[in-house]
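Noted in TrEMBL for the protein shown:
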type: TRANSMEM; residues: 7-29; note: transmembrane segment
type: TRANSMEM; residues: 35-56; note: transmembrane segment
type: TRANSMEM; residues: 63-87; note: transmembrane segment
type: TRANSMEM; residues: 107-131; note: transmembrane segment
type: TRANSMEM; residues: 143-162; note: transmembrane segment
type: TRANSMEM; residues: 174-195; note: transmembrane segment
type: TRANSMEM; residues: 207-232; note: transmembrane segment
type: TRANSMEM; residues: 244-271; note: transmembrane segment
Amino acid sequence: MRKNVSLFILILHQVLFIIIYLIPFNIISEKNDEISLTFALILLFIIYLSTFSILYKVIFKEISIYVFGIMVFIVGFLCNIVAIIISPEYFMWKWSISVLTHHPGGGFMRIGFIISYNLAIPFFIKFGRLLKAETINDHLRKLAVACGIFTSVAAMLAGTFSGRNTLNSTLHGLFALLSWLGGAVVCLLFGLLMLKNSRFSKSISNFSFLISGFLLFYLIPFFIVNFCNLFPETSPVYAFGRNIYFIMPLFEWIVIFSVFTWYLFISIYVFRENIN
């Protein structure tokens, strides 16, 4: 009964803040005031994290890991889908994810990243505890959890900072890159930990390695596309960067949904195998 109440409060907290987050998008965005919108989002970001931390210590800590993982997937996936649907002029195979923030659905996308990756923090904390075993290197386990929390915060900040002005654009790019790199490291480390824990199968470990490899594979053309301008236009690197630029937007979306799927698959496995 108490767990059901905790779950209800958790869902209510997320829904409430999704609604609250939409307020500055609807009011400030109409004025094209990016600075005011960013400050409003930072303030809400602090309030959201503070209230979530308090509720986690009092109520949410009893909730199972798979609940947090499934909610990461649901919130992240649905908010991005809604963002695309209500932005008919945006084409996911033509423009990068960042461009969507300038369209009507941009608010939903940014809210999705902020809330889903906040839910990822307790997921990583609980996942680290599940992986405790004599065969596990405790320093590696703690490093994996720390990287998970770092990556989650970076992704949340990437959703908070976004816009056309130089500062917002630079911060968004920095935090987005850190979240990509962190995601690859996190999937790799947790894959290694699951491989050494008898309660986890080799298939779920290999799935984690697959997502890590997918992220790293994405980062190679990502760097080439973003830094090919440093080379002369006659160089092969510049030509290659220009040629693969057109496949990057869709590639980026596939990677995003793959990462959300990682949380879902891990959660389903933990639930199915009744790992506590």
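Each residue, glycine too, has its Cβ placed from N, Cα and C.
The model shown is predicted, which means the values in this text are computed figures rather than measured ones.
Non-local neighbours of the transmembrane segment (63-87) in the same chain are 3, 6-7, 10-11, 14, 18, 100, 103-109, 111-113, 115-117, 119-120, 122-123, 126-127, 130, 256-257, 260-261, 263-264, 266-268, 270-271, 276; each lies 6+ residues outside the stretch with a CB under 8 Å from one of its CB atoms. Contact between the transmembrane segment (174-195) and the transmembrane segment (107-131) is supported by 3 or more Cβ pairs under 8 Å, counting only residues 6 or more apart in sequence.
Counting Cβ pairs under 8 Å to the transmembrane segment (207-232), the top-ranked stretch among 35-56, 107-131, 244-271 is 244-271. Just going by CB pairs under 8 A, the stretch in 35-56, 107-131, 143-162 that sits most against the transmembrane segment (244-271) is 107-131.
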